[in-house]
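Annotation comment: TrEMBL describes Trp44, Tyr136, Lys258, Ser292, Arg381 as substrate binding site. Per TrEMBL, pyridoxal 5'-phosphate binding site is recorded for Gly104, Ser105, Asp229, Ser293, Ser294. Feature annotation from TrEMBL assigns N6-(pyridoxal phosphate)lysine to Lys258.
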Amino acid sequence: MTSPVWHPFTQHGLREPVPEVASARDALLFTKDGREVIDAISSWWVTTHGHCHPRIMAAIAEQAQRLDQLIFAGWTHEPAETLARGLRALMPQELTRVFFSDSGSTCVEVALKMALGYWSARGEARERIVVLEHSYHGDTIGAMSVGARGVFNRPYEPLLFDVTTVPFPETAREQLALDALDHACAGGAAAFIVEPLLLGAGGMRAYSARVLAEMRDICSRHGTLLIADEVMTGWGRTGSLLACEQAGVVPDLLCLSKGLTGGALPLAVTMASEPVFEAHYDTDRARMFFHSSSYTANPIACAAANANLAIWREEPVLDRVARLGERQRAALETLGQAHRIENPRCLGSVAAFDLPGEQGYLADIAPRLMTFFRERDVLLRPLGNTIYVMPPYSITGEQLDRVYAVISEALGATRL
Ligand SMILES: *Cc1c(COP(=O)(O)O)cnc(C)c1O
């Protein structure tokens, strides 16, 4: 019998094989049929320290003996309290409040609702959200609304709300983007939501810390709230705990998920500055923040996150990221000497480049490359004509060399 599973971002009509993974460790996936696959995209950008990290697995096992789940409206538990305090200590001090949810999309929805709630409570008619071209913030309706429009969301377009889109700050054309942002904010925008330094799903597009800092200044000047979506960039991905740090930027709202639990369990937080919290603070129940999901602050997920925070406090995580970054840079350089690649870029643990030719997510080359890599036991998932490598920080030099050898083989192949 064929599997009844309907996979995400998968065209089942193409009848591609779907490998079954039985176990994993560090950067390796072990399939049911006995293959060893290198996970070069951190299982879609979530796994930071490596799969089945012993400290995180132990924390999960231990918490599972105590408390599995608890209503979080009006009740609390130790793992959530510890995590909120831990995040408060680790993240910029202006972000005083921690609101839990369970995915990147939901923490973005929460940030958008908080921003609108803030202006509503202040009695100011600010509703417009400003977004950056090529952005991705998730697949729920609100998150899609603030993301790039395209083939991903065309059928749902009637449900998406209007936003103002600022051009992506391409090198040498940054001022164009900044002027557009200034114009949008001057018009009384409620919030600007942005992926700091690196746009993930939009093609691993990088822009400078200077531009991000100027974006912050523009928002501040016009009172527009800055929402930093660090769902992908957070937890060391770009070489610092938060990408925002590299620009000396503190957002008004911060979205974290993916690496929050080291990638082990679904959990997310939206961290808010005190004014955003205060706008909802009242004795009037009609003014509270109306949002919850069933698994808000699930204790087992919080325990995993606490173990992740302990790793960050006690281990040289950023040194590992820096070493990985150096290896990535060297590998990309070697690749560029042997093959025609365009726009090679490295940021923290992430390396990316474009293939000459057809562009866009549906570029024909992507599925053929994916198959090529899969057949050689490397998990890579090109974004259109963009190939990127974003491994867990625990990938070995040997494994990374193998990933680049397979990429090189693909680029040298006359036909895929
Ligand atoms: C992955 C991602 C999201 C969505 O996260 P999910 O957990 O998949 O809902 C949101 N924003 C960014 C920047 C992401 O990379």
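First residue shown is number 1, and so on along the chain.
Glycine is no exception: its Cβ is also placed from the backbone N, Cα and C atoms.
No curator has checked TrEMBL annotations; they are predicted automatically.
Features recorded in TrEMBL, as mapped to the structure shown.
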{"residue": "Trp44", "record": "substrate binding site", "contacts (Cβ under 8 Å, 6+ apart)": "Arg381"}
{"residue": "Gly104", "record": "pyridoxal 5'-phosphate binding site", "contacts (Cβ under 8 Å, 6+ apart)": "His137, Gly138, Ala143, Asp229, Val231, Met232, Cys255, Ser257, Lys258, Ala268"}
{"residue": "Ser105", "record": "pyridoxal 5'-phosphate binding site", "contacts (Cβ under 8 Å, 6+ apart)": "His137, Gly138, Asp139, Thr140, Ala143"}
{"residue": "Tyr136", "record": "substrate binding site", "contacts (Cβ under 8 Å, 6+ apart)": "Gly147, Ala148, Glu195, Leu199, Gly200, Ala201, Gly202"}
{"residue": "Ser292", "record": "substrate binding site", "contacts (Cβ under 8 Å, 6+ apart)": "Phe72, Ala73"}
{"residue": "Ser293", "record": "pyridoxal 5'-phosphate binding site", "contacts (Cβ under 8 Å, 6+ apart)": "Ser101, Asp102, Thr106"}
{"residue": "Ser294", "record": "pyridoxal 5'-phosphate binding site", "contacts (Cβ under 8 Å, 6+ apart)": "none"}
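Within the set of binding-site residues Gly104, Asp229, Ser293, Gly104, Asp229 have a CB atom less than 6 Å from some atom of ligand 1. Remark: of the binding-site residues Lys258, Arg381, the most isolated position is Arg381 (fewest other Cβ atoms within 10 Å of its Cβ). Reduced to three states, the DSSP call for Gly104 (pyridoxal 5'-phosphate binding site) is helix.
The Cβ of Asp229 (pyridoxal 5'-phosphate binding site) has 31 neighbouring Cβ atoms from other residues within 10 Å, across all protein chains displayed.
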